[in-house]
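Here's what TrEMBL has on this protein:
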{"type": "TRANSMEM", "residues": "B:5-22", "note": "transmembrane segment"}
{"type": "TRANSMEM", "residues": "B:72-95", "note": "transmembrane segment"}
{"type": "TRANSMEM", "residues": "B:133-150", "note": "transmembrane segment"}
{"type": "TRANSMEM", "residues": "B:223-244", "note": "transmembrane segment"}
{"type": "TRANSMEM", "residues": "B:282-302", "note": "transmembrane segment"}
{"type": "TRANSMEM", "residues": "B:314-334", "note": "transmembrane segment"}
{"type": "TRANSMEM", "residues": "B:354-375", "note": "transmembrane segment"}
{"type": "TRANSMEM", "residues": "B:382-405", "note": "transmembrane segment"}
């Protein structure tokens, strides 16, 4: 009996999603790849029932994503992905793609989804919108924690905000944001609530170890000094300008 | 040299270019160099009457963005074709320089082919990297200097410094070279060396240095060179400063000097700088000095010892500069690759010996690239390995320098 209850509880989200997803957006989140270069995947399911209301002509979605100081999206890379169907994006600030984490601030992306560009699923009539946002980790300050073996920096990404320009009557949460990617006019975007079963996405990247410092500084300087001395000797004793005896 | 070689190498490059168009259109990983997009974006700003420096990471002369405006007006392959053209010109110029130095026709041809059919050079220009333009400017400066056309050489030298700051490392060797008496200058070319008798050349290296110290003052040639170069560089700098302001000065010149990138690179100092760089004050001054001094001193030593052989001296200067630099990426290797064909004909070394050196150089990079791949793309903590690999790479580079210096025999020329 206990097992059945546990199974039921475990399945509850799945069952609930089936029931709720007819009336709600469902968002799935995933982070793919390893290392410093990742893809932040966001899949938005727009159920058939809401499609008529929110995906009419001229209706767009705005996906609002905050990226913490530990990562960045490269505006120029994203622009080059336009030809592969990536949405138009506006950044809230200039992104320095070379700066370290400690010299950077979080930045925000406004991604404009043109709903008319997506075709509904033939069977369910749902709209599935996939966004693969390439993000890159910044270098972080070295770890000073002695106990850590191969320390890593953790970076977690908040879930996105979802907004629509075709307002629903019962919404009172609005975001002032550009009306479109090529517009300087601001619009009121109505917040759209959604269900997300994915946990908050997180990544970790390796960082240098503070305890290596004495070793690295001494050995680097020693090795470069020895090599420097050897090169000086080679240069000083070179016979290039001394003519050959036989000639 | 036979025209068929130029045609063939042009075909190879255009082939790469066409392949690149296909890859860019179908794959997310681009064939085209990241910098090429930077140039093109900057050219876009220029066509709109704005500053090319509005494009972040544009760190080049505005001239480059101007040259590439047809990328916007005509087609975005224009710039690549320009770079390919310069790439071929580099090959031709290498041939001419060696020919003027008195090398045999076949030697000149082999050396030029070494450039023209080097897969690395061919892909670099067809991917849209501007290094071939700078390589051509540097070689033009060298070629004219060897011909004794000092003012013309100074113009190209100034242009090359304006394009990329690194040719400043040739300033001292040029200055010293211009202090040589004319007859001795022309004797550094093999033609004259063979013709002229080799008396009174028994000078010990010690008295050499003393002589040099005594002859450091300005002379006519030096004044001509310095004033011409300063005029060209000053004019370009003034005009672009007037047009684009402080941002031009910072991005084109200063950035390259103050660049303190903590991200992993080939430099033996990268992990040291990463660990000692504090968020508030950066790297402590004493360490910065310790990192800078060996590089600076070696450049001095090379200049004073080898200035009589400009080709060799320039190559070694930039090679050592890159090897000891606090930031070193594979793009920097291109700076010396165009000078390699000038040095090789004078090396008293078997082909197998040269191949060994090339393999050593490549192996040094591979030993670094593997942990770098694990760190960057697999997220493994390989900092220590990467650091050891960077020291090994420095050792490999040092061995190469040692071999080249000890095997350089311009006199023993086989005809």
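Note that Cβ sites are derived from N, Cα and C of the backbone, with glycine treated the same way.
Ranking B:72-95, B:133-150, B:223-244, B:314-334, B:382-405 by CB pairs under 8 A with the transmembrane segment (B:282-302) puts B:314-334 at the top. Simply put, out of B:72-95, B:133-150, B:223-244, B:354-375, B:382-405, B:382-405 has the most Cβ pairs sitting under 8 Å from the transmembrane segment (B:314-334).
Residues 1, 6, 9-10, 13-14, 17, 20-21, 36, 39-40, 43-44, 47, 108-109, 111-113, 115-116, 121-122, 124-130, 132-133, 135-136, 139-140, 143, 338, 341-342 of the same chain, all 6+ positions outside the transmembrane segment (B:72-95), place their C-beta atoms under 8 angstroms from a C-beta of that stretch. For the transmembrane segment (B:382-405), the list of distant contacts is 264-268, 270-271, 274, 312, 316, 319-320, 323-324, 343, 347, 349, 353, 357, 360-361, 363-365, 367-368, 370-372, 374-375: same-chain residues at least six beyond its ends, Cβ to Cβ under 8 Å. Within the chain, the transmembrane segment (B:354-375) has long-range Cβ neighbours (under 8 A, six or more residues past its boundaries) at 264, 266, 330, 344, 347, 381-383, 385-386, 389-390, 392-393, 395-397, 399-400, 403-404.
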